[in-house]
Amino acid sequence: MNRFKTQLAGGIAWIIAILNFFPIFWMLLASFKSEVEAVQTPPLFFFHPTLANYRDIFALQDYAGYAFNSIAISVLATLLMLLVAVPAAFAMAFYPGRYTRDILLWMLSTKMLPAVGVLVPIYLLSRDLGLLDTRTALVIIDFLSNLPIAVWMLFTFFRETPKDIIEASRIDGAGVGQTILYVLLPLVAPGIASTALLSIILCWNEAFWSLNLTAHNAAPLTAFIASFSAPQGLFWARLSAASVLAIAPILVFGWISQRQLVRGLTFGAVK
Amino acid sequence: MATVAIRGVRKFFGQLEVLHSVDVEIDDGEFVILVGPSGCGKTTLLRMIAGLEDVSHGEILIGGRRVNDIAPKARDVAMVFQNYALYPHMTVRQNMSFALRLARRNRAEINQRVERAAEILGLGQLLDRSPRQLSGGQRQRVAMGRALVRDPQVFLFDEPLSNLDAKLRVQMRAEIKELQQRLKTTTVYVTHDQIEAMTMADKIVIMRSGHVEQIGAPLDLYDYPVNQFVAGFLGSPAMNFLEGEIADGAVITADGSRWPLPTTSTGYPTGQKVVYGIRPEHLTLGEAGVPARVQVVEPTGSETQVLLQAGGTTLVAALRERLPAQPGAVLHVTVDATRAHLFDPASGERLSSIFPVSGHKK
Amino acid sequence: MSTTVIIPTPAKAPARPLLPRLLPYLLSLPALIVCIGILVPFFTAAWYSLQRYNLAMPLNREFVWFGQYLDMLTDPDFWATVRVSAVYAASTVGLELLLGLGIALLLRERTRFNNIVSVALLLPLMTAPAIASLMWKLMTNPNFGVLSWLVALFGVHDFRWASAPSSAMFTVVLVDIWVYTPFMMVLLLAGLRSLPQQPFEAARLDGVAGHFVFFRITLPMLAPYIVTATLFRMLDSMQQFDIVYAMTQGGPGDSLMLFQVRAYLDFFQYTNVGTSAALMIVLWALTYALSNVFIKQWLKLRERTHGAA
């Protein structure tokens, strides 16, 4: 009975995992079909795979340029975020004041501002500052929108560090800098890594601001996809290949760092 | 090695005063234990010596040098934390050598010191393990090793044995004491366990609600407590207390039984209400004396503890010999009047003075 | 402290130097300034919402106080947006919670297999919602989509998915579920695995029935996690834009005019800055009120589950 139950659960888990993976798989298949095969009905599961779509994309569009923008924006926004969020979370976790909790909750509440609502002011502001279609604008916006959640996450990670370990290092003769460098950083590194990872994924997948504030120069991969769906009509096979190219790097990256990702998503709250 | 002086030290957390003008003088090489119930301020005082808490008023001197404004790292003290506070990302060897590496000692000296400390503590095989691979007792030793390699002026211990099981605790108690006697490093040790205090200390400081109640050698405090709190805190099973009134040369409790006045003083005022204190081991059971009904007999092997209904309350007697009596039997209890104490029921202060008590506050 | 206590004032100034005492504030200052900076465009938007302001008719710009909010109350389009947003948020969050909880229970044991499956389930979460929508458009195309073909096999011919008003909501909710159920699942799985084991062991010894254990032990202990996960999803879902815009641009008709979608179209199609801003302020107020309810509930639950221990 119990054995049967376990097997049933395993079976259901398999089915869920397959259903879950199917949309990605189907798009991957379509990316190796010809345009005709991609829209054929009944749908084709077996066909002669072709790399033509990928060749076309590299010929038509500057994939490397978009990918570079995606990488540059994600990495820079994340670095900037860490630069501001780590000291703040450190101060809040280790020198809490009377209002620390309130300030944190307030910071988090700025996440509730609807993006469309601030689009107009930000659009006008970027235009006036000459920042339209620049990577700088996207870096700043991604940085701003991820900062509150990052401070909150880092705070929860830092707070888990036992206070007496920090005190032990002070008594062992470490100054503030040495304590941070030799004791605190190694301890909180996994938490920082999780936060950074989540930030990179969020920046990578950010589409709203990319589409509205960039045209070509600073456009990341999410905008790259848009360039395939809009003007030339719908070429599904080629669009699929472009999508695969856009998500593949982040899926691989996320898969490699799954442990940090899960810790980040659960805010380290799970102990 | 150094003396430690705590003079008029007070500590405020916001408006709350947690230490009320504490004075303690600690001699060079002395093993001093701060003991008291939780919340008495003993850990706060220890952390102030370490430099982890600011001194609100008064001063702390280590080796004659005022350290109020000196950072922990410049005080040359080493501390063993209650939860050990080992660096989880370092091996045992790295944990123990961390302070020396920060102080930029040369590698040969560091290795030599670490290995010597490891040998003393029996950690030789474990030097390359990480803390998470160690048992609780081993972690405790590493925490001590980390203090030991420093060869500091003062050792500070913050309830270091409270996370160990009973057997290990007894063993570590002896080891720490033996180690301290060998090294002769001034040591301040905080615990809430009066047995640890009694067995290990050269000098005990008993604290309650931010006040020092009494300071002295363990047996002095045991035999001559200045008040009911100290009398009740030290000793297990605890001292028996009976409420009564002085009348014709004895203390008469509510049920009318007579308890002999302490013989060490005379001139007790008749009619005064008192608390009569007598330790379990100073009670004897026999044919004469106050009638006592046996409630529970607890043989521990080496001695027998008996719960008795007598004098209108429940008393504990600790007997060296085994007691054949069954629960319900009525015996008679006599006290060793040379070892009895009288306390003021209102203030708890001692009334009889068997012996001139030295070194206490009041 | 009522008794006269003479505190000897030290002759020197405060013992600790100024810099270390100020350091914590200095460290958190940049983050604070940045967060205040986030509010600036928000206040600008609030300012616009009080004006009749259409980029196409710049001369018509006028301060109208709460006029646009009052107009909204009588505008059937606005109420359609409220209704559609509510249905969308309730159905996505509700279904994701049920599915996430179910999957988390399924994967509860820490076996190698379960860990692999739970990581595989994270893939949709790492996919950009805009691209996830493309995947589903490919699958649900009424002419050649693999799902259209599949439902036809079961006798449902000519199912129009996102292009028919009757099934558009269903289709988009499906995409949202695919993308965000993993988030629910991860949080709840982590919660489940962190629960203390003794109550479950005690229940097993007492021979308590399975469903009783679930409703009386598992669910109440998991409640704080459920509330947190639901809160996060609810905030996101109320502000949904990416998926809906990529799938249907709010259509067909008004069937998927969520708050953000309508505000976006108000601005880009009708260049109406004022109404667009007013719509956003309403959304913000709703989000804020709702999250306050959740946070109160969460604090209460946490007190109950942690306070007793």
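Including glycine, each Cβ sits where the backbone N, Cα and C put it.
The transmembrane segment feature in TrEMBL is assigned to A:12-32 (among others). Using a Cβ-Cβ cut-off under 8 Å and counting only residues 6 or more beyond its ends in the same chain, the transmembrane segment (A:12-32) has close neighbours at 38, 45, 47, 49-51, 53-54, 236-237, 240-241, 243-244, 247, 251.
Note on the transmembrane segment (A:66-91): residues 135, 138-140, 142-143, 146-147, 150-151, 154-155, 157-158, 180, 184, 192, 195-196, 199-200, 203-204, 218-224, 245-246, 249 of its chain, located 6 or more positions outside it, place their CB under 8 angstroms from a CB of the stretch. Residues or ranges marked as transmembrane segment by TrEMBL: A:66-91 (among others).
Summarising the annotation, TrEMBL assigns domain 'ABC transmembrane type-1' to A:67-257.
Under the heading transmembrane segment, TrEMBL lists A:103-125 (among others). Here the transmembrane segment (A:103-125) has Cβ contacts under 8 Å with residues 92, 132, 141, 145, 147-149, 151-152, 155, 208-209, 212-213 of the same chain, all six or more residues outside its ends.
Tertiary proximity for the transmembrane segment (A:137-158) is limited to same-chain residues at least six positions away from its ends with a CB under 8 Å from its CB atoms, namely 72-74, 76-78, 80-82, 84-86, 88-90, 92-94, 104, 107-108, 110-111, 115, 122, 126, 131, 188, 190-192, 194-195, 198-199, 202-203, 206, 209-210, 213-214, 218, 220, 264, 267-269. Annotation comment: TrEMBL describes A:137-158 (among others) as transmembrane segment.
Residues or ranges marked as transmembrane segment in TrEMBL: A:179-202 (among others).
The transmembrane segment annotation in TrEMBL covers A:235-256 (among others).
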